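According to TrEMBL:
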- C:Cys313, C:Cys316, C:Cys319, C:Cys373: [4Fe-4S] cluster 1 binding site (BINDING)
- C:Cys323, C:Cys366, C:Cys369: [4Fe-4S] cluster 2 binding site (BINDING)
- C:71-295: domain 'LUD' (DOMAIN)
- C:310-377: domain '4Fe-4S ferredoxin-type' (DOMAIN)
- C:393-469: domain 'Lactate utilization protein B C-terminal' (DOMAIN)
Amino acid sequence: MIQHRETFLENVAKQLGRPGRTSGVKRPVYQKSPQHNVMKDHSKDELLAILKDQCLAIHTDFKQTTHDGIEKAIDEVLEEYKASSVITWNDPRFDAYGLSDFQKRENVDVWDAGKESRSIELAERADVGITFSDYTLAESGTVVLLSNKGKGRAVSLLPTYYIAIIPKSTLVPRMTQATDAIHKMVEAEGARLPSCINFITGPSNSADIELNLVVGVHGPIRACYIVVEDR
Amino acid sequence: MKVSLFVTCLADVFYPGVGKDTVEVLERLGCEVDFPEKQTCCGQPAFNSGYHIDTIKVAKHMITTFEHADYVVTPSGSCAAMLKEYPELLKEERDWEKRAEQLANKTFEFTQFLVHVLKIEKVDAELNANATYHTSCHMTRLLRETEAPLKLLNGVKGLNLEELPNREACCGFGGTFAVKMSSISEQMVNEKVMHIEDTKAEVLIGADCGCLMNIGGRLERSGKQVKVMHIAQVLNSQESLTKG
Amino acid sequence: MPMKIGDPSFDTRVEKGLKDTFMRQAVTSAQERLKLAKGKAEEELGNWEEWRSLSEEIRAHTLENIDYYLHQLSENVSKNGGHVFFAQTAEDANAYIKEVAQKKNAKKVIKSKSMVTEEISMNEALESVGCEVIESDLGEYILQIDDHDPPSHIVAPALHKNKEQIRDTFIEKKGYTKSSNPQELTLFARELLRKEFLEADIGVTGCNFAVAESGSISLVTNEGNARLATTLPKTQITVMGMERVVPTWEELDILVSMLCRSAVGQKLTSYVTGLTGAREEGDVDGPEEFHLVIVDNGRSKILGTEFQAALHCIRCAACINVCPVYRHVGGHSYGSIYPGPIGAVLTPLLEGYDDHKELPYASTLCAACTDACPVKIPLHEMLVKHRRNIAEEKRTTLSETFAMKGFGLVASSPALFNMSTRTAPFMLSPFTKDGSIKNGPGPMKGWTDIRDFPESKKERFRDWYKHRESKKGGGSK
């Protein structure tokens, strides 16, 4: 439902001193487009090196592993964080990356569509939430997560720690490539965007007390990125 | 080269030495300096206070006064910037706007003129002193001139320049602001004085009489021994500073 | 909290600010750190000016066509099952928000940081219908439990408080028992607020940018509170100033990049969240109902005027972080939830000059704000435009008007100019403070209270020049 739109927009047009516009506006071809030149022509390895550096700036642990070493890498992080309970997305990539056994462990829960209260509760109690990254932005050290029924928003938010598994193929230079892809999804006819798209850059933090950086406020207090070589 | 001097009202009345030094440096560099006697003030006090109708009267007078000039040179970044504001001020009056543009295009702040027009970066000057330079706001952010004064000062024999901490910060002058909001201005100029003292400089150099009047007035009131000099005075200096 | 804050008198507020030594130290060090961080972020990008130009172009295009983009935005929100309410005034917005709260029988509302909800006094409105409203941004939370102390900065609202003051507030109001260590204080607030999130019926957010092409709203935070507010409660209400719209995700990229770098020097903040409608069929979390409230509240009056670019503001506070006046007087002195240069421009536009006519004068016109602005709003020029309006509406003191008219007369007449400069240091005569001569000692007091004034020289420059020319045998024109 849309309320009071007409009078509101009529007034706006009147203030602008012209007839109202509800169609026919084209975005200009902007004179500059510096965003496309950032890390242009960088290889995946170069992007990876930048991501690794950026992890230092955003207080995020970084690991790199092969396809076969991924479960071991997760275990190492769990041990380091002294974490036991885990919640993961219900995402076919866990299977594709050989993590279906991991998901069957007793201390590991999988986000379950349809049983709402239980999944949120599990996420709230879990020590660690694990998701895959859909796009990974080297410049800022950001993982981009597109939600759906198996990919709950809470998994990367409510647990104390957060692990993002980053397939190396998801690496792009910066936010531009991700927003371009999202823009194309919008343009594709009839498509609705995922209800929640998160750009996550490290653990949550705040500087509201005397501008001192405190890591871990409402979201995870520690985060780790595990980059996996694609098969 | 023929140059018309806009001395500015502050220099005319309170710092005539700045005007004399400006003339002498320009002449030494081979310029013929003319002083159109009808000149008054750039109009900035009224402009910044919002009295634009009154500023327009002043602007028109100044445009007429300098119409004949090849170049207008002024020892003030702030007043030069004000002259360059005239076209915008007169945009409703096409003819005047055009004349204002002509004036704006031929107007240069003193050090700007030396470095960019005369292409001179070293004048024959000597000042044996530790000094620091105040980059005034209107010079750097309105005129966009940051290099010319420093290039010239680096060429002065015997002069040791210390960088002023927080040099881009305003000194708290702001024309009417210094009087209207004097308690805030006081804190701003205090901070500037503190930074000047941090440099241990004996001389504070600037290119705007307004800032220098403010900082200098505060230095004097607080009994500080720092001497205040306009950059034209430094560039016309031939002696070592006598230390007290 | 209404837009107006603190003592009604500007002078009283400033005096209080200048005396608050802790606040001034906190602001000074915050400015230093934020300026440094922004400078580094600019350098890393390499071609900052190109980014600024692009950002300016995006904002200008969007505002020129704002009816088109708001129309598109509302269509798309509605298509995705959301509700859109266009609110002409603060009262309209609050009435709608209260109505939603009552329909949902809401008891507890959790809020993430939002300037526009402060501006319209939404909390008070919701409290009037029996809702408990809890701020979840750490800074806002601190202020809220400290008996609603007003924010002093649009990005770091509790900037004026030190950790000991915060500890004491936590002890007194929430039974805190630990130290003033920021980490401990923060963890304490995390525990308290996590419970509130789980119990809240409604999550209220602001909106950094709304994307017209997809009907999405975006939230930029570091703490993650906006994510919680849009993940747990069943109902989400997002309140946006009408100018916060961008055409597509491509523009969102640019403006979010500029916002993060300019506000805190980060390439991106910890969380940038794009939300489209309510949860989808089959989603487990996220709100079941989504309401977008688009607020005018005086903004449309700015459209089509010489102040239109003020609506380009992306609320990064870069101008505040470089302002030397803000540095000394602090945020509360501005008497508005929007402080600093952008506040001095925006507050009189939204609320009129009556209560805010001093604000445009609280600047030396040093232009540091204009240089810092990532979307190139000519802030210091707008302050002059305000002064012009104030002067032309004859709201200035009679003595100032008289002096400035006199100045105009004198400075456009060589004869009068010559005469007055010969007789007196005329420059300062126009500047009177608080207007009336019978209450104040002369116009020069403001100057001479704190500094010496140079004496006017007997021989003016023009006398010297004339003398020299006559000796040379030449003459000037």
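Quick reminder: no glycine exception, Cβ is built from N, Cα and C everywhere.
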Query raised in the report: Along the domain 'Lactate utilization protein B C-terminal' (C:393-469), what average pLDDT does this model show?
Result: 75
Query raised in the report: Taking the Cβ of C:Cys319 ([4Fe-4S] cluster 1 binding site) as centre, how many other Cβ atoms lie within 10 Å?
Result: 27
Query raised in the report: Least buried of the binding-site residues C:Cys313, C:Cys316, C:Cys323, C:Cys366, C:Cys369, going by other Cβ atoms within 10 Å?
Result: C:Cys313
Query - For C:Cys373 ([4Fe-4S] cluster 1 binding site), nearby residues of its own chain (Cβ under 8 Å, 6 or more apart in sequence) - result: C:Arg52, C:Ala318, C:Cys319, C:Leu379
Query raised in the report: So around the [4Fe-4S] cluster 1 site, C:Cys313, C:Cys316, C:Cys319, C:Cys373 aside, which residues have their CB within 8 A of the centroid of those CB atoms?
Result: C:Ser262, C:Ile314, C:Arg315, C:Ala317, C:Ala318, C:Ile320, C:Pro341, C:Ile342, C:Cys369, C:Ala372, C:Pro374, C:Val375, C:Ile377, C:Leu379
Query - Subset of C:Cys313, C:Cys366, C:Cys369 (binding-site residues) with C-beta under 8 Å from chain B - result: C:Cys366
Report task. Could you say whether, by DSSP, C:Cys366 ([4Fe-4S] cluster 2 binding site) belongs to a helix, a strand or a coil region? Result -> coil
Report summary line: DSSP puts the residues of the domain '4Fe-4S ferredoxin-type' (C:310-377) at 38 helix, 1 strand, 29 coil
Query raised in the report: Between the binding-site residues C:Cys323, C:Cys366, C:Cys369, which lies closest to C:Cys313 ([4Fe-4S] cluster 1 binding site), Cα to Cα?
Result: C:Cys369
Query raised in the report: Between C:Cys316 ([4Fe-4S] cluster 1 binding site) and C:Cys366 ([4Fe-4S] cluster 2 binding site), what C-alpha distance do you get in Å?
Result: 20
